[in-house]
Structure formats: C-alpha cells, structure tokens
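In what follows, a single structure is set out as structure tokens and then discussed.
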Amino acid sequence: MLIVIAALFRLWRISELTEFLGDQGRTGMVIYDAWKTGILPLAGPTVLSGQHLGPFFYYLIGPAFILGRFNPIVPSVFIALLGVASVGLLFVLGKRLFGFWIGWGIALLYAVAAYLIPADRTIWEPTVIPFFVLLYTLCVYELVEKRNYWSLLAMGILVGILVQLHYPMVFFIGLSSLLYVILFFRKGSSKKTLFVWLLAGIGGFVFVFFPFLLYEAQHGWVDIREIVFILAFGGSGGQASLSYAARILDASSKIFGYLAPGATRWFIVFLQLFVVVAAIWRRTFWSLFFAGWYALGIVTIAMYRGVVFDHYLFFLLPVAYLLLGQSIWSLRRLFPMPFMLGFMSFLVIINVQKTDLFLPVGNNDISRVRNMANEILMSAKNQPFSFTLIHSRSFSDLHYRYFFKLAGIEPRPITDAAYGTLFLVCDQFPCPSKGEMMQKRQIQAMCFEPHCKGTYPTIDLSSWKLTAALYAPDGRIFMYTSSGVKR
C-alpha cells in the first residue's frame with residue numbers, strides 16, 4: 001500500500017507536473033552528446049560557485065534518456081521511481097528500528113511529503129540524494145546491528161556517489177570516519193577485519209570517484225582546490241551578514257518544514273525541538289547517532305555564509321523522518337500509540353492538502369518547451385536564427401536548446417552577426433503584448449551556457465523589425481527580422 005501511495009503521488013500527471021527547465025535541458029544535452037560521440041563525460045555540471053560536480057548522475061540517468069529515445073518523460077519517471085524506492089527503504093529502516101507501525105507511519109509521511117514530491121519528479125542531481133542517503137543508513141544498520149563488515153565497502157561506494165551529487169555531501173566522509181572510530185573501539189569488534197574492510201571502502205570510494213579524479217588531474221585539480229577553500233572558510237554571499245545562530249535556525253527550520261509544510265516558523269522550531277529531545281529521551285546508539293548526525297549536519301552547513309538552498313540540506317531529510325520515528329518510539333510508554341499515530345496522521349493530512357497533485361493545471365514544461373521550440377523551427381524555415389528568453393521560470397535557455405539539438409539544429413550565438421531572424425520567447429505569463437514589444441528598444445539576453453555568468457549582453461532592437469507575434473497556449477514568441485543593418 002505504501003508503494004502504491006508513493007507511486008500515485010509521484011507518477012500521476014507526471015507529464016504535466018514534472019519540471020523541465022534549463023538544468024534539465026543541460027543534462028539531456030550532455031547525455032545526447034555522449035551517446036552520439038561515444039565519449040563518457042568525466043565531469044558533471046557546475047554548481048553556483050562555478051566548480052564541477054562528478055559525472056555519476058549522468059551515468060545514472062543516461063540509460064533512461066537513451067531507452068526513452070530522449071523523451072524527457074522517461075528519465076522523469078525513473079527519478080520518480082527512485083523516490084518511490086526511498087519510501088520503501090525508509091519503511092524497512094523504520095520497521096527494523098522502531099517496529100512495523102512507526103516505520104509505516106514515517107514512511108507514509110515521506111510518501112505524501114508535499115515539498116518533496118515535486119523534487120522527486122525532477123531530473124536533477126540533488127533529487128536522488130535522499131535515496132542514496134537511505135541506502136547508506138541501511139548499510140550502517142547492517143554494520144552496527146549485524147556486524148556485516150562488508151557494509152564498509154558499500155558505504156565507501158555510496159559516499160563516492162553522494163559527493164558527486166553535491167558538495168555538502170562531503171559531510172559523509174567525516175560521518176563515516178567518526179563511525180569507524182566508534183566501531184573500532186567497540187567491545188568485541190574485530191579490529192583487523194574492520195581495517196581490511198575500511199581499505200575496501202576507501203577503494204570503493206576511489207573507484208566510483210575515479211572519472212572525476214581523472215578529469216581533475218587533467219585540469220590542475222582546480223575544482224577540488226576551490227571546494228576545499230570554500231569548505232575551510234565558509235564562502236561568502238547572501239547570508240554572510242546573518243549570525244551563526246540565525247543560520248542554524250534557518251537551516252534547521254527548512255528541514256523540518258518538509259514535515260509540516262505551510263506551518264509557522266515557531267511551530268516548526270517547536271516541532272524539531274520536541275522531536276530531537278524526545279528522540280534522545282531514551283539513549284540508545286540509534287537515538288544518539290541520528291541526533292548527532294542531524295546536529296553535526298546543521299552546524300556544518302551553517303558555517304557556509306552563502307545562501308543555503310533547500311537542496312543543500314537534502315542529506316538531512318531522511319534523518320528528520322528517522323528522528324520523528326525515534327521520538328515516537330522513545331515516548332511510547334508515556335503516550336498511547338494511537339495518540340502518537342494520530343499526531344502523525346495530522347502531519348499526513350497537512351501534507352496531502354499542500355501537494356500539487358490536485359492543482360487544476362500543471363506547469364506542462366515538457367510539452368510547452370517542445371511545442372514552442374518546434375514553432376520556432378517552423379517559423380525559421382531552415383534559415384539561420386538566434387533566440388533568447390524574455391520571461392521564464394528558468395535561469396537559462398538550455399531546455400529549448402535541448403529540443404533544437406534533437407532536431408539537429410543549432411541556433412546562432414545571439415552576439416553573432418550571421419543570422420537574419422531573432423526570436424524572443426516568453427514562456428511564463430504574464431507575457432507582453434505585441435504593442436509593448438514594439439516599444440522596446442533593447443532586451444537582456446538570457447543565459448545560454450552550461451554555467452551561467454553574472455551578466456549577459458544587452459541586445460539592441462533598433463536594427464530589428466517585429467514581424468510576427470505567435471500566440472501559443474503557454475506563452476508567446478516574438479519574431480524579429482533584420483531591418484538591413486548587419487550586426
């Protein structure tokens with residue numbers, strides 16, 4: 001039943017609700033080029049600060065693109081299925097640690113998480129982080145409870161994967177090291193066996209990380225050096241003026257906001273304090289492990305003085321749900337189980353009410369972008385053209401370039417002079433009218449590169465004539481032709 005519910009909330013109307021913007025277009029373009037050339041990428045996309053990630057996500061999602069003949073719906077479904085699998089993994093962990101009903105309850109809450117479901121449909125590196133974090137946690141369980149030392153090999157591989165999905169996942173190197181030290185000095189541990197499997201885990205990490213290490217060796221280790229600098233000194237940016245305590249409160253509130261979407265800041269603060277304190281009410285290895293993981297993760301991410309986006313915190317999402325399960329287990333003798341499950345049912349109802357599943361109209365990203373790209377190609381009539389976006393939810397135009405690439409067409413660089421047709425695309429309402437566009441004398445070009453710079457050229461429209469306004473159901477396309485002035 002849990003799997004059915006999780007699948008329903010992630011797969012129903014997925015073609016309407018999945019996000020397909022510049023980041024998704026960039027991923028598709030890289031995989032398409034790799035498939036055509038037969039050359040595997042050694043580096044992944046860049047993060048906001050400019051450093052490359054590892055290429056693992058391309059290897060993970062590439063087969064779905066290829067088997068789906070590069071229809072973005074297929075990899076979106078694959079990502080959603082990983083989200084469904086995450087629900088199953090959380091149930092397995094919860095059942096083993098806290099019993100059937102508590103495990104079922106936290107997994108159900110995760111299955112209907114209103115803020116998480118849209119991410120679980122999106123082709124994006126951070127989206128799959130919770131899945132691999134839960135696999136990692138299951139390996140920790142096997143290592144601690146069953147003394148299956150081979151889990152160290154699996155943990156090394158999983159940490160190598162996680163670090164390639166986003167750089168905050170470097171946290172797992174420290175967490176794994178701390179866990180190893182604890183187990184090494186645990187009574188009854190086979191220190192020699194632990195050490196041998198530790199070496200195997202390090203080997204597993206290097207194995208999955210090797211393509212990126214090869215790339216870094218060829219490029220002077222620039223990305224790794226810059227990331228080490230940011231991790232050491234905290235970077236700079238939008239939150240540099242906030243106190244450390246304020247950054248801790250902001251990050252922790254974002255995490256527990258996933259459990260109670262739309263709740264006030266003070267309710268979320270109370271919820272997380274209640275959950276963490278209740279979880280360690282009865283001290284066990286797991287209560288201290290999850291509370292320590294959560295606390296260390298929050299204080300570590302708060303050291304970063306830039307803007308902490310929600311996806312930076314995805315490595316803590318499963319821990320919040322496990323802490324909730326731990327707190328219910330710890331208080332089961334103080335409060336009757338029906339009362340605790342009733343509280344979880346309350347959270348489930350809040351999430352169901354906030355989900356986007358019942359929106360009358362979805363964003364229709366894939367169909368909109370595909371249709372508007374085809375409209376541009378038909379209007380260009382095989383003549384050289386360029387384009388840019390003037391109003392969009394995306395920061396770049398790579399989702400349009402993805403469909404142009406599939407059609408075998410490459411638009412001219414917008415700063416080039418060798419084209420006579422220019423398309424300005426509005427794919428988010430409200431769009432300007434034709435009359436308003438005729439009054440414009442210049443427009444700002446949208447990012448057209450895999451890593452966006454701070455600014456892009458301003459295009460002078462005085463040498464262009466607005467010849468057509470194409471009205472589409474989901475936006476507008478303004479077609480300009482050169483007035484005779486060669487650019």
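The backbone N, Cα and C atoms fix where each Cβ goes, glycine too.
On a predicted model such as this, the values are computed, not experimentally measured, just so you know.
Positions annotated as transmembrane segment by TrEMBL: 37-61 (among others).
What TrEMBL lists as transmembrane segment is 73-92 (among others).
The transmembrane segment annotation in TrEMBL covers 98-117 (among others).
Taken from TrEMBL, the feature transmembrane segment covers 124-144 (among others).
TrEMBL lists 150-183 (among others) with the feature transmembrane segment.
Under the heading transmembrane segment, TrEMBL lists 195-215 (among others). When Cβ-Cβ distances below 8 Å are used as the criterion, the transmembrane segment (195-215) is approached by residues 40, 42-44, 52-56, 149-157, 159-161, 163-164, 176, 180 of the same chain, each at least six residues removed from its ends.
For 227-246 (among others), the entry in TrEMBL reads transmembrane segment.
The list of residues near the transmembrane segment (258-280) in space but at least 6 beyond its ends in sequence, with Cβ under 8 angstroms from a Cβ of it, reads 109, 113-116, 249, 252, 287-288, 290-291, 294-295, 317, 320-321, 323-324, 326-328, 330-331, 347, 350-351, 354. Under the heading transmembrane segment, TrEMBL lists 258-280 (among others).
What TrEMBL lists as transmembrane segment is 286-304 (among others). Same-chain neighbours of the transmembrane segment (286-304): 97, 140, 168, 171, 174-175, 179, 230, 234-235, 239, 244, 247-248, 250-252, 255, 276, 279-280, 312-313, 315-316, 319-320, 322-323, 326, 330, counting only residues six or more beyond its ends whose CB sits under 8 Å from a CB of the stretch.
Same-chain residues lying 6+ beyond the ends of the transmembrane segment (335-352) with a Cβ under 8 Å from its Cβ atoms: 101, 105-106, 108-109, 112-114, 259-263, 324, 328. For 335-352 (among others), the entry in TrEMBL reads transmembrane segment.
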* So which of 73-92, 98-117, 124-144, 150-183 is most in touch with the transmembrane segment (37-61), counting Cβ pairs under 8 Å? -> 150-183
* **Distal contacts, the transmembrane segment (98-117) - CB-CB under 8 A, six or more residues away** => 2, 5-6, 9-10, 83, 86-88, 90-92, 130, 257-259, 261, 310, 317, 321-322, 324-326, 328-329, 337, 341, 344, 347-348, 350-357
* To do: Report, as numbers and ranges, every residue of the chain located at least six residues beyond the transmembrane segment (124-144) whose Cβ falls under 8 Å of a Cβ in that stretch; write 'none' if there are none.
  => 23-24, 27, 44-45, 53, 57, 60, 79, 82-83, 85-86, 89-90, 92-93, 96-97, 116, 151-152, 154-155, 158-159, 161-162, 165-166, 169, 172, 179, 183, 285, 289, 311-312, 314-315, 317-319, 322
